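Below is one structure; the comments refer to it alone.
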Amino acid sequence: MDIDTLLGALGVALPAQGAHMLEVTSPIDGAPLAKVAMQTEADTREAVAAAQRAFEQWRMVPAPKRGELVRLFGQVLRANKEALGRLITLETGKILQEGLGEVQEMIDICDFAVGLSRQLYGLTIASERPGHRMMETWHPLGVCGVISAFNFPAAVWAWNAALAVVCGDSVVWKPSEKTPLTALACAALFERACVAFGAAPPGLLRVLIGGRDIAARLVEDGRVPLISATGSTRMGREVAPRVAARFGRALLELGGNNAAIVAPSADLALALRAILFAAVGTAGQRCTTLRRLFVQREVYGELVPRLIEAYGRVRVGDPLAPDTLVGPLIDEPACRSMQSALASAREQGGTVHGGERIAVPGREGGWYVRPALVEMPAHGGIVCDETFAPILYVMRYDTLAEAIAQQNAVPQGLSSSIFTLDMREAETFLSAAGSDCGIANVNIGPSGAEIGGAFGGEKETGGGRESGSDAWKNYMRPATNTVNFSTDLPLAQGVRWDL
Ligand code: SIN
C-alpha cells in the first residue's frame, strides 16, 4: 500500500500548501513520505483556547460516559491496527511486529481507561470533630499538554490521552517533528470515535505540528495545568523549570541507562534471549533499552561469547520484511552519535563487537547499523551516558552488592533487571537497598512496558509515572471536603474561639 492510500485509509487529509511545510521522510530509505503544514504560535494559543472550552463541557460529563468515548476509540484502533502499525513502521523504522505492538498497547490502555472510568475513587477520612465527615473528591484537572518522542509516536500519547479523557480533561498534543503523520492519523481515528460517540465537544483533542517554539509556548501557557513530556534529559531540563515557574505540574519521562545483572544461578539460555531483545530490539531506541550488562565473573566466559555469536546472527534490514529483527536508526545524527560513543568506548579500553554501518540493498538512504556489544574493563566514563542506539556495554562483577551499586551509579533511573534463580538475590535486588529504578524486573529484560504497571523512573529520568497503577491521579485534582452534619461548630485541634 503506498503512503497516500495508507493515509487515506486512516482518514488523514493533508493540505497541499501552507506557510511553513515540514517534509517527512522515512528512516527506511530516506525517501519523502509527505509534506505537513506546521503550526504557528498563534495556532498554539488558539488550540489551547479551544481545548479549554472543550474541557469546560467535558468535565461535566459523567466519567463512565467519558469512558464510552475511549471504548469507541479502542474499537476504531482495533479496526485500523494494521494500517496504523504500518504507518508507525514507515515513520519510525521499527519493525512491523513492533509497529503493530505499539497499536496493541494503545488498545490496551483504552481498555484500562474504560475500566478506570468507573473507579476514580477517593478516600473517606475519619474526622476528629463529632458530627463531621471528611472525604477526598477527584475532579478533572484541565487542558493536558502532551509532548511525545519519535520512538513511541502513538502509544505514549495514548497512555496520556486515554487517561486524561476519562478523567474529564482535554488534550493538546505536540508530537515529535519526526513522526507527525502518526499523530495526525491518531487524531483522525480519535475523531471517528468522537463522531460515533455523538456528543464530544470540539477541541477535546488538538494536535500541534511544529518545532521547539511551539513546544515552548505550550509549556509556558498558564491555561495548561499539566505538561506530560517524554524525551531526553536535556529536553526535561528545559521543560521542568518553565512549568515550575508558573506552578504547573510536569510529568516527565526522560533518559534511561538501563541495566541487567546476570548472577551465577541464572538460567543462561533464558537470559541470553531476554538480553538480546532488550538490547537490540527497536534498534536500541526504546527508553527502556538495555544498555549496561553486569555479568558475574563465574558465568562471564559462558554467557558473553554466546551473546557475541547471537549478535552476529541478528537480521538487520528493511523493517517491513517479515524476517527482519532490527530496522534502521531514526536518522544520520543517531548513527553519528553511536559511532562517536563507540570511539569513546575504544579509547576507554573497550573491545567493540559489531557497531558498523551496513548497507541494505535498495535501502541506501537508511541508517542501518549492526548492534554493538562492547566489553568494558570497568564501569564509568561513556558507560554512564545514554546513547540512543543499540550499544550494550558488558562488565564483570564479583559480588551482588557491587553489581547493584554500579547499576545505580548513573544519573538515570528508569529500568533494570536481574537474572537469578536465587530467591535471596532476587528479593535483595527488589528491596529498598536494591535497584533505584522505577522499573525493576526478575528474569525478564528491562525493556518494554505492560500498561497495567506505572511507567517511569527516578533521578534524571524525571520522576513521572504514566500508564497503569494510579498514574491517573496526575490528570485530576483532589479536593478535601469536610461536611458538618451536627448543630455545633467545633474547631479542629480543639481550638476555642468564642465571641
Ligand atoms: C519505551 O521503552 O520507550 C516504551 C516501552 C513500551 O511502551 O513498551
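Note that Cβ sites are derived from N, Cα and C of the backbone, with glycine treated the same way.
Record features (TrEMBL):
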- Glu253: active site (ACT_SITE)
- 20-478: domain 'Aldehyde dehydrogenase' (DOMAIN)
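Around the Cβ of the residue listed as 'active site', the same chain contributes Val156, Ser228, Ala229, Thr230, Cys287, Phe455, Gly456, Gly457, Thr461, Gly462, Gly464, Glu466, each under 8 angstroms and 6 or more positions distant in sequence.
On the 0 to 100 pLDDT scale, the domain 'Aldehyde dehydrogenase' (20-478) averages 97 in this prediction. A strand conformation is recorded for the residue listed as 'active site' in the three-state DSSP classification.
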